[in-house]
Each structure stands twice: as C-alpha cells, then as structure tokens.
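Annotation comment: Swiss-Prot describes 2-110 as domain 'MTTase N-terminal'. If you look up Swiss-Prot, you'll see 11, 47, 76 marked as [4Fe-4S] cluster 1 binding site. Positions annotated as domain 'Radical SAM core' by Swiss-Prot, on the basis of sequence analysis: 133-363. Annotation source Swiss-Prot lists [4Fe-4S] cluster 2 binding site at 148, 152, 155, citing sequence analysis. Look at Swiss-Prot and you will find 366-425 tagged as domain 'TRAM', backed by sequence analysis.
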C-alpha cells in the first residue's frame with residue numbers, strides 16, 4: 001500500500017470529486033496524507049476554466065515529476081487541453097472516471113499508465129452513490145448536479161462535465177442528514193449552475209431548499225453559483241425558499257458583462273435588465289443580501305463603450321464582491337476563433353474594474369462597523385485568530401472562538417475583503 005496526496009484545484013464540485021477518490025483509495029488500504037512531501041503518489045485534481053490556472057497546474061505537474069513523484073492527473077484538464085499534461089505522468093482520468101482511481105494507482109505502481117477520459121455522453125456516474133473522505137471542517141460540500149444547460153461561447157468546462165444531470169432530492173437530503181449527524185454546521189450546495197438544478201427531473205432548486213431546511217438541526221446552507229437565465233424561471237419561488245433562517249442570505253449571480261450585445265456574443269441568454277430585476281427582487285426581501293457577481297473583461301468584440309457599460313452596471317448595483325476575470329481563449333470554444341483584444345487593453349480594463357470593485361466592497365463593509373451580528377465560527381485562521389462568517393456569509397476575523405459555534409460578534413473594523421470583530425460574552 002502507498003501514501004497518496006490529493007491536490008485539488010478549482011470549484012467546490014471538483015473538491016467533492018477529490019473526496020470521493022480519497023475515500024475509494026482509503027477503503028482500498030492506501031494512506032491519504034495531507035502534505036505533498038509525504039505522498040509517494042500525487043493526484044492532481046485539475047481545473048481548466050482559465051488559461052492562467054491551466055498553466056499553473058502544468059507547471060505544478062512538472063515540478064512534482066522533477067522531484068521524483070508519481071503523478072496521476074484527474075479533473076477537467078484531460079478533457080479540455082490534454083496536450084499540456086506532461087507525458088511522464090503515471091495516469092490520466094477524466095471527471096467521469098474517478099471511480100477508476102484505485103486501478104490507476106495499481107497501474108502506476110507497476111510502472112504502467114492508465115488513461116481513461118471518456119466523453120460525458122458515453123459514461124455517467126451518480127457521484128452521490130460513492131463514499132466521501134472529507135476534512136473535519138465546519139462545512140460539507142454536497143454536489144446537487146453535474147453539467148449545465150448553457151452553451152456559453154467562452155466556456156470549455158462543459159466539454160468535461162457535459163449536459164445537466166441533476167441528482168435525486170432523496171439522495172441529496174440523505175447526504176445533508178448524514179453531514180449534520182457527523183457534526184457539520186454548514187452545507188455547501190454545489191454544481192456548475194445550481195440555478196438549473198432539477199430542470200431535467202421535474203423539480204427545481206427552491207423545492208430542494210424547502211426539503212433541506214425542513215431537516216432538524218442547527219445548520220446553515222450556502223447555495224452555490226446560479227445563472228440568471230434559469231433563476232428567472234422560478235424567481236418568486238426561490239426568494240420564498242430563501243426566507244428560511246437556515247439559508248445564508250448570499251447570492252452568487254454572475255452577470256459577466258454590462259453590455260447586452262456582449263452577453264449575446266457570450267451566449268448567456270439573458271439581458272442586463274433581467275439580471276438587475278433579479279437583484280432588485282432579492283434585495284427587496286433581503287436588504288442585507290451579500291451579492292457576488294462575475295465580470296469577464298476583454299471578451300472578443302468588447303469595445304470601450306461596452307466595457308464602460310460593465311463599469312456603470314457595477315457602480316449602479318454595487319455588489320459586495322465582483323470576481324473580475326481577464327478573458328482567455330479556451331481550446332475548442334467558439335469565442336477562441338474570434339479576433340482577440342490586445343493584452344494591454346484587457347489588463348488595463350481589469351485593473352480599473354478591480355479598483356472600482358475594491359472601493360465599493362470597502363464602502364459596503366464599513367457600514368457593518370458597530371453592528372452586532374450572529375456568526376458561525378469556522379476555525380483557526382492566520383496569526384492565531386479565528387475565521388467566522390455572518391448569516392449573509394461575510395467573512396469575519398475574531399480573536400478567539402471554537403469551531404462550529406454560533407456566537408454574537410460586534411464588528412469593530414472592516415476592509416474591502418473581511419470584517420474584524422469581537423466575540424460578545
């Protein structure tokens with residue numbers, strides 16, 4: 001038997017895949033270690049959503065191989081751009097082949113190489129049927145679906161994850177109940193797009209949330225990213241479900257651009273006005289809503305006027321956080337074939353929007369100073385402090401506190417990225 005380290009990249013959905021592989025390897029008698037130096041085999045569970053991430057992972061694989069480690073590559077990269085994977089690796093598994101991880105390790109130990117990257121149409125796994133080996137943290141990731149219903153012209157993730165496959169509400173609820181019995185206090189509902197959950201099996205996210213919040217116990221639910229075009233189909237029902245106190249008043253709603261022509265080129269299937277309508281309705285019901293959104297700058301065809309509309313949108317809706325991404329062409333996507341903007345323009349726009357979003361975040365967070373808020377303590381942070389989150393998922397740094405406790409904290413200071421508080425006696 002062998003010591004194995006699993007290095008996860010990317011989304012929560014991918015981390016859950018890593019926990020499945022860890023459980024399968026553990027049950028097969030292998031030792032899962034949490035320091036890469038201890039691992040005889042390193043599983044690099046990759047992400048391919050952006051070019052910089054891809055290059056970082058490729059460098060990391062080379063570094064591990066040069067240090068004498070055996071490396072097995074899993075995740076989205078084998079589907080999206082296998083050519084960047086060092087040929088010296090000991091195995092390659094796609095996202096639909098993670099159940100073959102034991103076999104891949106056996107091959108590697110014999111000096112052989114297992115490659116299994118099936119098309120998502122040819123092999124389907126219900127990943128809620130597999131065991132999990134999760135870190136003993138406060139939160140537990142529950143995947144609710146794999147794949148999506150969009151066809152964005154810039155996205156290569158769909159080549160790996162495929163079309164939407166929603167997991168049954170019964171299995172999801174079963175995992176949530178299990179996690180709560182194990183002592184987890186926070187449930188992350190994860191998918192490529194939680195907004196389209198259930199559309200393929202005759203249900204939706206709001207109905208699922210109602211089932212989850214009906215479970216007994218003191219816990220909170222963090223809902224993952226949802227696309228506006230799907231939310232529009234059941235907006236009132238979703239807002240109603242969000243009223244339960246167990247659901248964090250946190251909304252990750254990516255807009256990607258403030259220009260309708262660019263949204264059409266992206267294949268996003270909604271307008272800026274529809275995005276703003278969702279935000280308005282949520283804020284009407286939840287004034288303290290923690291709104292996160294995403295913006296891609298430098299998309300092909302984005303002129304100065306289109307970019308300015310994105311800037312104006314962010315200034316108008318004032319999200320708590322904006323994830324600003326510089327567009328990078330991904331292999332096999334439609335947008336990669338279009339005329340690209342000069343890199344210096346993309347960089348300049350990214351820096352400008354980043355400065356604006358930091359200022360907005362700072363101004364919003366300053367308004368929390370002096371407030372007393374309920375927090376869930378996550379555990380030890382940096383410099384001897386502890387990390388916590390409010391009931392709208394604002395990050396708070398506290399001087400002390402026990403992991404998994406719900407406490408009242410008074411906010412004493414704030415930056416653009418977190419709040420600083422004191423635990424009330």
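Backbone N, Cα and C atoms are what each Cβ position is placed from, and that goes for glycine too.
Not measured: the values here are computed from a predicted model.
Helix, strand and coil counts under DSSP for the domain 'MTTase N-terminal' (2-110) come to 51 helix, 24 strand, 34 coil. Other Cβ atoms within 10 Å of the Cβ of residue 152 ([4Fe-4S] cluster 2 binding site) number 19 in total over all chains. Counted over every protein chain shown, other Cβ atoms within 10 Å are most numerous around 76 among the binding-site residues 47, 76, 148. Other than the site residues 148, 152, 155, same-chain residues with C-beta atoms no more than 8 angstroms from the centre of those residues' C-beta atoms, the [4Fe-4S] cluster 2 site, are 150, 151, 154, 157, 158, 192, 193, 267. Within the same chain, the residues at least 6 positions away from residue 11 ([4Fe-4S] cluster 1 binding site) whose Cβ sits under 8 Å from its Cβ are 47, 49, 190, 192, listed in sequence order.
Between the CA atoms of residue 148 ([4Fe-4S] cluster 2 binding site) and residue 76 ([4Fe-4S] cluster 1 binding site) there is a gap of 14 Å, rounded to the nearest whole number. Cβ atoms within 8 Å of the centroid of the Cβ atoms of 11, 47, 76 (the [4Fe-4S] cluster 1 site) belong to the same-chain residues 9, 10, 13, 14, 46, 48, 49, 53, 75, 157, 160, site residues excluded.
Non-local contacts of residue 155 ([4Fe-4S] cluster 2 binding site) by the CB criterion (under 8 A, 6+ apart in sequence, same chain) comprise 49, 330, 333. Taking H, G and I as helix, E and B as strand and the rest as coil, DSSP gives the domain 'TRAM' (366-425) the counts 4 helix, 32 strand, 24 coil.
In this structure the C-alpha atoms belonging to residue 76 ([4Fe-4S] cluster 1 binding site) and residue 152 ([4Fe-4S] cluster 2 binding site) are separated by 17 Å. According to DSSP, residue 155 ([4Fe-4S] cluster 2 binding site) sits in a coil region rather than a helix or strand.
Model confidence over the domain 'MTTase N-terminal' (2-110) is summarised by a mean pLDDT of 94.
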